[in-house]
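So that you can see what the record holds, here are the features copied from TrEMBL:
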type	residues	note
DOMAIN	3-53	domain 'CTP synthase N-terminal'
DOMAIN	90-324	domain 'Glutamine amidotransferase'
Amino acid sequence: MVLDENAKGKLSQFCLIKAENIVTLYDVPNIWHIPLLLRDQKAHEAIFKVLNLNGVAREPGLEEWTCRAEACDLLHEPVRIALVGKYTDLSDAYLSILKALVHASVDCRKKLFVDWISATNLEDATAKENPDAYKAAWKLLKGADGVLIPGGFGDRGVQGKIIAAKYARENRIPFLGICLGMQIAVVEFTRSVLGVHDANSTEFDPNAKSPVVIFMPEGSKTHMGGTMRLGSRRTFFQTKDCKSAKLYGCKSFIDERHRHRYEVNPDFVVRLENAGLSFTGKDETGKRMEIVELPNHPYFIGVQFHPEFKSRPGKPSPLFLGLIAAACGQLDTVLQHSSNVDSCGLSKAVGTDVSAIKAYNKKAVLKSAYRPEYVYGYHF
């Protein structure tokens, strides 16, 4: 609820804070309305005064932000993404992933539902030990419009992630693998398509007979922390006739943030490409695989970097936008208009229903009742 002047007066008196510096942040339909609340209560003017910026500061230009926040309130058509991970009991572990999915779903004018699936629950061992959890996990996976496997460390749940990648590949479900998720997709393809059944990552089996994913040569096996390949690195597209390059606006190269110690074994690349897997992005040496795609799949992309770290409201990560667009049947349109964005920051590929927004505003339904941001489906 909004604080009245009497309540502000008491807070000012007992907390030794000027009344004009007290603002009310009550529950709103989605979190993007908060900057609008701050503006309406002149919070920016109080900040200007304290920092002595009155002579140079301007009124906040929030027209684009307002358009986006109000558009979010109109979303009702769902898109379901199965997030298959190791840390699904703590959703904040994937907060950057979650926000990137939100940014992309809003751009596609869809309400996001994330089905959290613990990777171990997809494995045969769970089918014997906890059949209810096994059935529930598979029900969520089969009901999803898209599948995402994020990064992670350690071997717990790896087999479940491989199963999920195989399901998405064989059933032509839109798929995005990030860091470990990309490595999982390569391991699965090597096992299932190349028939190399003992293919593995040396992260999980240091003595793997067919190490399709290996420790980076320049890495340290005794010291952790800063020894990973970290920070912004350049990826060069090997062809512009692929989904990832088109989503990035047909650029020759991109810079994305990395955080990993393992990589695809270059010795397997030729065999994998001959079998149909396409490494569409590589580093400057051409020996480190950065992006992998299945050309004959509706949307099957794995990346060694973390595109979620650069996603922003109004400027979603291209690869997340591709996943959501593929999951709701809009990929062809998004690929054609990947670099065409309207004044509200929403893709013209899906359109911005300004008249609907205006009609919505007239109804004045922005109540203080709380609901989760755009609605996430929590399933553990």
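In case you wondered, yes, glycine gets a Cβ from its N, Cα and C as well.
Please treat TrEMBL annotations as automatic predictions, because they have not gone through curation.
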Within the domain 'CTP synthase N-terminal' (3-53), residues counted as helix, strand or coil by DSSP: 32 helix, 0 strand, 19 coil
Segment confidence, the domain 'Glutamine amidotransferase' (90-324), expressed as mean pLDDT: 93
